[in-house]
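So that you can see what the record holds, here are the features copied from TrEMBL:
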{"type": "ACT_SITE", "residues": "K40", "note": "active site, proton acceptor"}
{"type": "ACT_SITE", "residues": "Y268", "note": "active site, proton acceptor"}
{"type": "BINDING", "residues": "R140, M315", "note": "substrate binding site"}
{"type": "DOMAIN", "residues": "247-372", "note": "domain 'Alanine racemase C-terminal'"}
{"type": "MOD_RES", "residues": "K40", "note": "N6-(pyridoxal phosphate)lysine"}
Amino acid sequence: MISGTHRPAQIIIDRQAIKTNIQTAIAHLPAHTELWAVVKANAYGHGLLQVAATASHAGATGFCVAILDEALALRQAGFTEPILVLGITSPEYASLAATQTISLTVGSQAWLTAALAQLAKAPAANPLKIHFAVDSGMGRIGFREPTALAMAEKMVRQHSQLELTGLYTHFATADEADSAYFKQQVHHFKQFKKALKTLPRYVHVANSATSLWHQACAGNLVRLGVALYGLNPSGSDQALPYPLQPALNLETELVFVKQVTAGSKIGYGATYQASQTEWIGTVPLGYADGWQRRLQGFHVLVAGQFCEIVGRICMDQFMIRLPQKFPVGTKVTLIGQNGGQTISLQDVANFAKTIHYEIACNFTDRLPRVYLPEN
Ligand SMILES: *Cc1c(COP(=O)(O)O)cnc(C)c1O
């Protein structure tokens, strides 16, 4: 997608906020616990390479991504830290991953067999580093039986092309107040741990929610995602044990301002009708930028005042009702602070009936990311 560099609409990322969030998280970790920054999906929409650099400065010692391409992009940019691909990678890329020192997630013996065949065909200079994923109750990927895990361990020990580097699991309810299911998963994971002859270098279970609210079982590595961007993994359900600073702001400008008379209609379907003489402003971004159509009726900030989005949101533009005349070029804040008021990603998510994760990673490449410097 073409990036809109000649349009006044930008995502502004506060790198210092990310740095502070990571430093704060590290300060709260138990001793001998590493923090790896989860930078999948373009760092939750914040920008892969810029966030990775800031995370590295802040003390993150590795990265987690969802797909091999994200790991390759980090290597290509010169990052030398360990990188773990959290999703299932096709075994046909085993040699490529080994050559690039990228760790892959393994959840079955069948995968190991296929990867060994590939590594025999295209030998790599280094062994392929693998992390065993255990399905302790998430029901997504990973070994489901301790015996299968033990057999996989045996297989790895018999092949020098493979190196077991990690064992991990993922919790389904770490962000919830009721910890019954969480405890069940912890119990299952312990049984898997016992099935291994030797524990690998990294044993990890913690996403952001686990590291915030269940620190005791963090293992020796946490996979910090949403919290490093300053967002509460539970939405607003649970209080944070320490403050986090949101890093993402979305700003634009009024590109057209007009006064309309009572009865004037606005937008596709003519769904809005002015009830009196009103000032209407046009904002130059829309659902093609990730500002979802269902946000009709939500608001933005102009000069510290909440202005309602009126009419349907178009692909590239939407209209707002202004409390008074404002000049073209007046700043419009969709996410962030403006004149002492704030609209958060959580506010947007609440209105759109989803979670802030989805709002953040739905912003498309048409919106340029601008980076404020770290201290
Ligand atoms: C995405 C992901 C994380 C990070 O989750 P957050 O809630 O953003 O901290 C950690 N582990 C796995 C396996 C993931 O898929």
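Cβ coordinates come from backbone N, Cα and C, glycine included.
TrEMBL does not curate its annotations; it predicts them automatically.
Structure with TrEMBL features highlighted.
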| residue | record | CB count, 10 Å |
| --- | --- | --- |
| K40 | active site, proton acceptor | 19 |
| R140 | substrate binding site | 12 |
| Y268 | active site, proton acceptor | 11 |
| M315 | substrate binding site | 13 |
- Note on the structure: Across the domain 'Alanine racemase C-terminal' (247-372), DSSP yields 24 helix, 51 strand, 51 coil
- Using C-alpha atoms only, work out the spacing between Y268 (active site, proton acceptor) and K40 (active site, proton acceptor) and round it to an integer in Å. 36
- Is K40 (active site, proton acceptor) helix, strand or coil when read with DSSP? helix
- Note on the structure: K40 (active site, proton acceptor) and R140 (substrate binding site), compared by Cα position, are separated in whole Å by 17
- Query: So what's the average pLDDT for the domain 'Alanine racemase C-terminal' (247-372)?
  - Reply: 98
